[in-house]
Amino acid sequence: MEPESGFQSSSRLSQFSWVNLSKNLLLAYQSFGVVYGDLSTSPLYVYSNTFTGKLQNYRNEEAVLGVFSLIFWTFTLLPLIKYVFILLSADDNGEGGTFALYSLLCRHAKFNLLPNQQAADEELSTYKYGPSANVATSSPLKRFLEKHKRLRTALLVVVLFGACMVIGDGVLTPAISVLSSVSGLKDTESKLTKGELLLLACVILVGLFALQHCGTHRVAFVFAPIVIIWLLSIFSVGLYNIIYWNPRVIYALSPHYIIKFFNQTGKDGWISLGGVLLSITGAEAMFADLGHFTAMSIRLAFAFVIYPCLVVQYMGQAAFLSKNVNSVPNSFFLSVPDPVFWPVFVIATLAAIVGSQAVITATFSIVKQCHALGCFPRVKVVHTSKHIYGQIYIPEINWILMVLTLAITLGFEDTTLIGNAYGLACMTVMFITTFLMALVIIFVWQKSIFLAASFLLIFWFVEGVYLSAALIKVPQGGWAPLVLSVIFMLVMYIWHYGTRKKYNYDLHNKVSLKWLLGLGPSLGIVRVPGIGLIYSELATGVPPIFSHFVTNLPAFHKVLVFVCVKSVPVPYVSPDERFLIGRVCPRPYRMYRCIVRYGYKDIQRDNGNFENNLIQSIAEFIQMEAVEPQFSGSESSSLDGRMAVMSTRTGQSSLSLVVFEQDSFPLDGSIQSSKSLTLQSLRSVYEDENPQNRRRQVRFQLPQNTGMDPSVREELLDLIQAKEAGVAYIMGHSYVKARRNSSYLKKLAIDIGYSFLRKNCRGPAVALNIPHISLIEVGMIYYV
């Protein structure tokens with residue numbers, strides 16, 4: 001039997017590897033339409049943007065070959081070596097981008113500014129991604145950064161600035177891609193006017209942003225064939241030009257030609273680097289869009305298709321220009337042989353439109369990560385794919401990007417000015433990513449500081465030269481991404497600052513447990529049947545708003561659960577680890593705490609099972625607590641003080657609750673006695689009008705288990721009866737104001753900035769998918 005089982009295992013292994021490979025190949029195919037649209041259309045304008053200004057005086061064969069050598073080595077060093085070989089290995093459980101690097105740093109060193117992290121968070125399966133944080137020695141650099149709050153704040157500002165530059169890319173990329181594509185119509189027989197070209201560009205842009213709601217998955221399948229045909233076209237044209245015009249151009253792969261180029265051109269050659277860097281714009285999308293695909297699929301697509309096609313195309317253009325130096329202004333289309341000019345022109349126009357897709361999807365990922373880590377106002381996040389977890393769409397951001405893109409297109413009217421802005425934005429993001437990656441090498445990968453410094457110096461030197469050339473062009477359009485980034489960064493920082501101040505207020509004004517214990521199990525009021533879910537941002541202690549309820553309300557629910565929905569600096573939290581359950585007061589009080597943990601990649605879905613999962617988790621906790629010594633060493637639960645991680649999967653529950661599920665069941669007398677008929681009719685009307693919010697009716701019963709402790713059985717019966725009586729969601733409707741003695745700047749940030757953002761973003765109840773019919777809101781003013 002052993003040989004047969006060995007054959008079966010090897011068969012399963014080969015089947016698994018084949019399934020894995022086919023999945024990666026499919027994702028690699030999709031990535032062409034999403035990730036590489038922008039990078040692959042750069043040959044349209046790189047040479048023409050490089051040979052501008054004073055470099056026009058150096059139009060000769062040596063200068064052309066020098067520019068190609070620059071393009072080749074820049075393309076090899078940054079997209080290939082830095083991103084494909086190094087940065088894609090620094091993913092955070094499959095998620096990429098600047099915030100993924102920041103999240104990794106926050107887990108391996110105490111860089112996070114929000115004080116709601118707990119020891120239990122470190123035991124999440126996705127928390128210890130990569131080398132274990134426990135193995136790392138506490139280096140002097142780590143202690144120094146953790147000790148100084150200003151340095152941690154500065155690190156957050158750098159990360160926010162990088163994220164804002166990606167959002168700026170999301171505005172500039174569609175503008176330059178679409179405007180470049182339609183400007184080709186100027187050379188045709190129809191000769192459209194500038195106004196007509198702008199109008200056409202705006203129509204295409206509106207259509208492009210309107211397509212986003214279909215989701216990355218569908219858009220990618222539509223766009224990928226266009227980019228693949230485009231890549232094959234430019235590869236064929238490039239190969240033809242190399243053979244036909246100048247096969248000796250292959251010698252320009254030597255970096256010796258770069259030295260000759262700068263010896264000849266000097267300062268003018270340095271300024272022209274602003275055009276050369278356009279060859280790598282869109283490389284950041286490979287890392288930022290990682291959550292939509294996999295590292296392997298992106299590596300396969302780049303190494304085997306993108307890199308050879310683009311290198312051959314740039315080499316072919318250089319071969320053509322070396323013999324036709326006066327054709328620089330329209331080098332790409334003039335290098336295309338006449339018989340295939342129109343097919344290439346059509347596919348180039350389509351590919352240029354597709355190019356904007358990469359950064360739009362990257363922007364959605366970045367905004368979602370910022371929001372989850374407390375740095376962006378609440379927005380609606382739509383999950384667009386059942387199979388690929390990271391593919392999302394954010395309606396508000398989509399329309400804001402569309403308005404800003406139209407403003408840039410109509411305001412600049414010129415691809416050269418937009419190109420200056422775009423180059424600066426892309427190089428700034430790369431510069432910041434290199435810095436964060438160096439910190440990841442030290443704190444996450446636990447390599448030597450010497451290795452991190454070598455990485456930082458090598459890539460900062462290359463990127464610094466390009467960044468300095470791009471900064472020269474700030475007056476000629478380069479100011480646009482800086483202004484956009486400052487605006488978005490102000491929004492992010494004000495939201496983060498206000499959120500932090502509000503949390504600290506809750507933390508320092510917690511209700512005293514001594515006071516609660518003095519009130520007794522009844523809390524000094526009537527305890528009526530039902531469950532009250534009191535939402536709070538506090539991960540520990542009782543929120544100050546609870547004292548308002550106790551002192552102002554004549555009655556309260558028999559079972560109280562303090563619910564804290566918080567983000568953990570991990571991409572996603574397994575459903576088995578989502579709920580952290582504990583007890584607030586002694587058993588007779590019937591007061592519990594539930595911390596619901598989400599990662600920055602998780603989508604909070606309203607699947608109607610939250611209440612049922614919560615009841616099961618609390619019931620399991622009650623039983624586990626009764627036999628706590630047996631569970632303290634168990635691998636199935638990890639204790640954090642009086643809190644334990646509880647599985648939300650019914651099948652894995654250690655408590656044998658009998659569950660009855662049906663779409664609807666007749667209301668018996670016990671349930672009707674606990675709810676008014678008016679409320680019943682209101683709820684039925686609400687569910688009829690909102691069928692998507694209708695929840696499955698679930699009833700719990702205890703099994704006939706005579707061996708159960710009587711006090712545990714009584715508590716479980718109270719919990720089940722309270723669930724049948726009904727669940728109310730109680731939230732504090734807070735108004736945050738600065739204290740009277742606060743500085744003018746703080747009053748401006750809190751009273752105007754944060755207040756405006758809170759009023760105009762989605763409310764907490766909407767963001768948390770709380771049913772409106774069961775919601776109770778109580779107002780409270782926070783003086784921070």
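Placement of Cβ uses the backbone N, Cα and C atoms for every residue, glycine included.
TrEMBL: automatically predicted annotations, no manual curation.
As annotated by TrEMBL, domain 'K+ potassium transporter integral membrane' applies to 27-516.
If you look up TrEMBL, you'll see 529-782 marked as domain 'K+ potassium transporter C-terminal'.
Distant neighbours of the transmembrane segment (63-85): 39, 46-47, 50-51, 55, 249, 251-255, 257-258, 260-262, 264-265, 269, 272-273, 276-277, 279-280, 283-284, 286-287, 298-299, 302-303, 307, 310-311, 314-315, 317-318, 321-322, 325, 430, 434, 459, 462-463, 466; these residues of the same chain sit at least 6 beyond its ends, with a Cβ under 8 Å from one of its Cβ atoms. Summarising the annotation, TrEMBL assigns transmembrane segment to 63-85 (among others).
Outside the transmembrane segment (153-177) by six or more residues, the chain places 37-38, 41, 97-99, 101-102, 105, 111, 113, 145, 205, 208-209, 281-282, 284, 288, 352-356, 358-360, 362-363, 366-367, 369-370, 375, 401, 404-405, 408-409, 412, 415, 418-419, 421-422, 425-426, 428-429, 432-433, 435-436, 480-481, 484-486, 488-489, 492-493, 496 with a CB less than 8 A from a CB of the stretch. The transmembrane segment annotation in TrEMBL covers 153-177 (among others).
Per TrEMBL, transmembrane segment is recorded for 197-214 (among others).
For the transmembrane segment (221-243), same-chain residues at least 6 beyond its ends with a Cβ under 8 Å from one of its own Cβ atoms are 29-34, 36-37, 40-41, 43, 249-250, 305-306, 308-310, 312-317, 319-320, 335-337, 340, 343-344, 347-348, 350-351, 354, 357. For 221-243 (among others), the entry in TrEMBL reads transmembrane segment.
The transmembrane segment annotation in TrEMBL covers 270-288 (among others).
The transmembrane segment annotation in TrEMBL covers 300-320 (among others).
Marked as transmembrane segment by TrEMBL: 340-367 (among others). Distant neighbours of the transmembrane segment (340-367): 33-41, 44, 95-99, 163, 166-167, 169-170, 173-174, 177-178, 180-182, 184, 204, 208-209, 212, 216, 219, 223, 226-227, 229-230, 233, 237, 282, 284-285, 288-289, 291-292, 332-333, 376, 379, 390-394, 397-398, 401; these residues of the same chain sit at least 6 beyond its ends, with a Cβ under 8 Å from one of its Cβ atoms.
The transmembrane segment annotation in TrEMBL covers 388-410 (among others).
The annotation transmembrane segment is assigned in TrEMBL to 422-443 (among others).
Below 8 angstroms of C-beta separation, residues 74, 77-78, 82, 86, 270-274, 276-277, 420, 423-424, 427-428, 430-431, 434-435, 437-439, 441-442, 478 of the same chain, each at least six residues beyond the ends of the transmembrane segment (450-472), sit close to that stretch. For 450-472 (among others), the entry in TrEMBL reads transmembrane segment.
Summarising the annotation, TrEMBL assigns transmembrane segment to 478-495 (among others). If one looks beyond the transmembrane segment (478-495) by at least 6 residues along the same chain, the residues whose Cβ comes under 8 Å of a Cβ in the stretch are 157, 160-161, 163-165, 167-169, 171-172, 370, 374-377, 404, 408, 412, 418, 420-425, 428, 470-471, 749, 753-754, 757.
Taken from TrEMBL, the feature transmembrane segment applies to 515-535 (among others). Within the chain, the transmembrane segment (515-535) has long-range Cβ neighbours (under 8 A, six or more residues past its boundaries) at 542-543, 545-547, 549-550, 553-565, 584-586, 588-590, 614-615, 674, 719, 721-723, 725-732, 764, 768, 770.
By the Cβ criterion (under 8 Å, sequence separation of 6 or more), the transmembrane segment (270-288) is not in contact with the transmembrane segment (388-410), since fewer than 3 such pairs are found. If one looks beyond the transmembrane segment (197-214) by at least 6 residues along the same chain, the residues whose Cβ comes under 8 Å of a Cβ in the stretch are 174-175, 178-179, 181-183, 185-186, 353, 356-357, 360, 382, 384, 393, 395, 398-399, 401-402, 405-406, 409-410, 413.
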